[in-house]
Amino acid sequence: MAFKLIPSIINLTNYAIGATLMTIPYSFSECGIILSLFLVIFISIITIVASEFLLQAGVTQRRTTYETLCMSCFGSVGKAILELNMVGMMYGSLIAYVIILGDLGSELFHEQMGFSIDTYLRPFVLLILSMVLITPLCLKKNIENLANASALSLLFYTLLTIHLISMQSDSVPVPIVNFSKLNWWKISGLMNVIPIISLGFTIQTQIFPVFNSIPDSNIKDMKFVIRISTALVSLCYISVGIFGYWKFSQFNPKISADLLSMYPGSTTATLMKIGFLASVAISYPLTVFPVRSSLYSLFFVRGGAMPDLSVDSNVIPDKQFNRITFLVIISSFILGFIMNNIEIVLSLTGSFSGSIVLFILPALVYIKSKPISKQRWIANLLLIFGVTILGLSFLNTWSSKDFSIISNIFKRMVLIPYPTEMPQQKINITAGKSVF
């Protein structure tokens, strides 16, 4: 039984781990190590509960997709609310991917080819990547071959985690590390971090596609897949969070939201950057696929039986397919070029769309489908949690002094490079014995 479930576990785990992985050390620095550990474990449990509620509601309603389940419970309004928020949530991930592509691509061009970091490097890199790599992949109607790359992406995430752990053996000896400078419990950063970590456990939207792909699937098998995948994601985040924060806080008390931007120059670091760049390049078209499907369903499907767009895009006419694809690519690259902070993008996306898709709607469809269930009180708690996160995190993100559209546009237009002290920090890190 376990062997046939391995592909499903890999796919679900890889779908959850994405741009959020780069922000985990930042999240640990914002909340503190102990509070962050508690938060990762708590969100993982909440994710399991929400996912199993969706699964049970789908079986009860005899629905095989999240969209049709919401339509069955709340009509076309429920389906529209889900699709709008799914587009918003995944569109935020696309913007985060573009920021990573621009940052990593520019740095690699600078380090490996000698390009100077000036006004034109970042847009040049994004233009090349979009034309040569991203657009051709996004225009493929059958993404089966790209989906098979999930194992390679997951392998890279595993290697990155192992590398961060192994770095500690060459680090400053434990007695010399000033543990008093590490944040252990910082409640003030909680509302900034909850949406980011919640977005890092985004498996709810893939519950039904994975469930439908399992041979002779049953609820017991799918629950096993959900729990193992969530445990693997938690283990990855905890390892990267603790060791990444511990490692880089020794040299810079302010942890960047982009983990790889803190890596000093070395062959291993370059390989890690190239690997993550390739992983993002694969993840981008995989994310465009459901965004495009949801947009087509929202604006072009009028009543009747909704086609299963989660499997095949051939049902979308070429004209609409191309228009939606180019619209998504161009708009996400423009916003990714403008936005300056990946943590703000993920926090804003997770606080609003993420709360609705990941917590609120799963609780509502379960309550609607199983009105006399003994677990109804748990669903009510999940609903309260989702609404609370939606309100508090959204207000906290919008009131943040870092969230200034005009400021971000100006910074991106003038293309302020990494702080001038970063190269000096990298030199200091690698002085003497190499830490990599």
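The backbone N, Cα and C atoms fix where each Cβ goes, glycine too.
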Which range of 12-28, 403-419 is transmembrane segment, per TrEMBL: 12-28
Non-local residues, at least 6 beyond the ends, that sit with Cβ under 8 Å of the transmembrane segment (224-246): 2, 5, 8-9, 12-13, 16-17, 20-21, 24-25, 27-29, 33, 36-37, 40-41, 44, 47-48, 51-52, 55, 157-158, 160-161, 164-165, 167-168, 171, 177, 182, 197, 200-201, 203, 207, 210, 214, 255, 259
Whether the transmembrane segment (321-338) meets the transmembrane segment (274-301): three or more C-beta pairs under 8 angstroms: yes
Residues of the parent chain within Cβ reach of the transmembrane segment (80-100), under 8 Å, 6 or more residues beyond its termini: 18-19, 22, 66-67, 70, 74, 126, 199, 202, 205, 258, 276-277, 280, 283-284, 287-288, 290-291, 294-295, 297-298, 328, 332-333, 335-337, 339, 342, 345-346, 348-350, 352-354, 356-357, 361
Highest-contact recorded stretch vs the transmembrane segment (120-139), from 274-301, 344-365, 377-398, CB pairs under 8 Å: 274-301
